[in-house]
Amino acid sequence: MHNIHRRHFLKAAGAVTAGLVTANIALNANASSVAPKPRVGKSVIGLIAPKMELVRVGFIGVGERGFSHVEQFCHLEGVELKAICDTHQAVIDRAVEHIVNQNRPKPAVYTGNDLSYRELLNRDDIDIVIISTPWEWHAPMAIDTMESGKHAFVEVPLALTVEECWQLVDTAERTQKNCMMMENVNYGREELMVLNMVRQGVFGELLHGEAAYIHELRWQMKEIDHKTGSWRTYWHTKRNGNLYPTHGLGPISQYMNINRGDRFDYLTSMSSPALGRALYAKREFPADHERNQLKYINGDMSTSLIKTVKGRTIMVQHDTTTPRPYSRHNLIQGTNGVFAGFPNRIAVEHGGFGKSYHEWDMDMQKWYDKYDHPLWQRIGKEAEINGGHGGMDFVMLWRMVYCLRNGEALDQDVYDGAAWSVVNILSEQSLNNRSNSVNFPDFTRGAWEHATPLGIVGA
């Protein structure tokens, strides 16, 4: 979606910052020292919506990420693209043109102001809404979507405060609507293969994971009026913590059955100095440019350590500033061996095709041949053709539609989105309290202990 005018961002971000200060004082940096309020509805773990012969879709935000979803949905069967909403006419025109060029009916359009999306939500011919907007709008739009009787599918992160996480959970439980944060990396070929290997016991009992979003994005600072950098840059002036934890953390969480037999217990976090963005601004912009007037406070490298209730450990890192190759780490260590990503490599004590665990096995093909996930076996070629981060976007959307049309539970629920996203807030709370540990809220209200782990779903 087109960037919200700066005053809207500053107002929203200011409220977030004020909320964090209040939370730190009230909770002494302990996010779950206050017991959750009683559940209003019922748990949505394993929620199955009534089968939909045709999935009717509305889109809020069709800029960069949102337009990618429009493109992918045009390749899916059993869907209708009913309506789109954005505040920027150019991206609306592009989306409409693309949909029509794909021989699909012209969608209805909603625009004009930041709340025009509510007109889209008033329609009674939409089943699900895809939300691809600046971060501060994710939770409010998802809540409004569920309140309107529709299922919400939200870009990452799901929320920016602990309170927003609880509001999303409470709304999903009360309305019995899906609220899925669309963590696409969980549908990558490597990630799904590793999930299959974990479920088959290849790595033994799991002990430790490492997750990251290391992606040099300083160039986005040059996006001043439109596109992601026009609003995302400001978050580096408002928070010091892990701004974007879910891409790496999502897969590790599913490997470890987080919220389905285990859960995050507490976190400790620290950050490096915040130097890189100011240096980049000084080098790339005139001295009097706005980018040189900002005070960048988010540490160039954020590192958090999570302890789970079962005693496992997870390292989570965030760095979108320093010059280095892309990585999500994607490391999972068990009693029989380890998988690590970027580049992909495996070492196991038993069952390693004769390779010693003292050296990495970099030849992935034989592992794919044995452990490739059924979803990628079924639609991998189609995913590679249609693209979207190597095909993971297509697999995710395909799977979402499949579940809705066949009466199956989604692979990710509101509790997952809340638990993975809340690292954003808790990392800052820990850092502001000399890296003392901060407890995770139990968004499942205890239901994690008996929830069924995600299986190796087919198609």
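Cβ atoms are placed via backbone N, Cα and C, with glycine included.
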Field: Further binder of substrate named by Swiss-Prot next to Tyr213, Arg232, Tyr244, Pro245, Thr246, His247, taken from the candidates Tyr280, Tyr296, Tyr326
entry: Tyr326
Task: For the NAD(+) site that Swiss-Prot lists with Glu64, Arg65, Asp86, Trp135, Glu136, Trp137, His138, Glu155, Val156, Tyr244, give the additional residue from the candidates Asn184, Asn196, Asn292, Asn330.
output: Asn184
Field: Local backbone state of Tyr244 (NAD(+) binding site), from DSSP in three classes
entry: coil
- prompt: Taking the Cα atoms as reference points, how far is Thr246 (substrate binding site) from Glu136 (NAD(+) binding site) in Å?
  reply: 16
Query: Looking at Cβ-Cβ distances, which residues of the chain lie under 8 angstroms from Arg232 (substrate binding site) while being 6 or more apart from it?
result: Pro134, Trp135, Leu217, Gln220
Message: Looking at the binding-site residues listed here (Glu136, His138, Val156), whose Cα lies nearest to that of His247 (substrate binding site)?
response: Val156
- prompt: What residue among the binding-site residues Tyr213, Tyr244, Tyr326 has the most other CB atoms lying within 10 A of its CB?
  reply: Tyr213
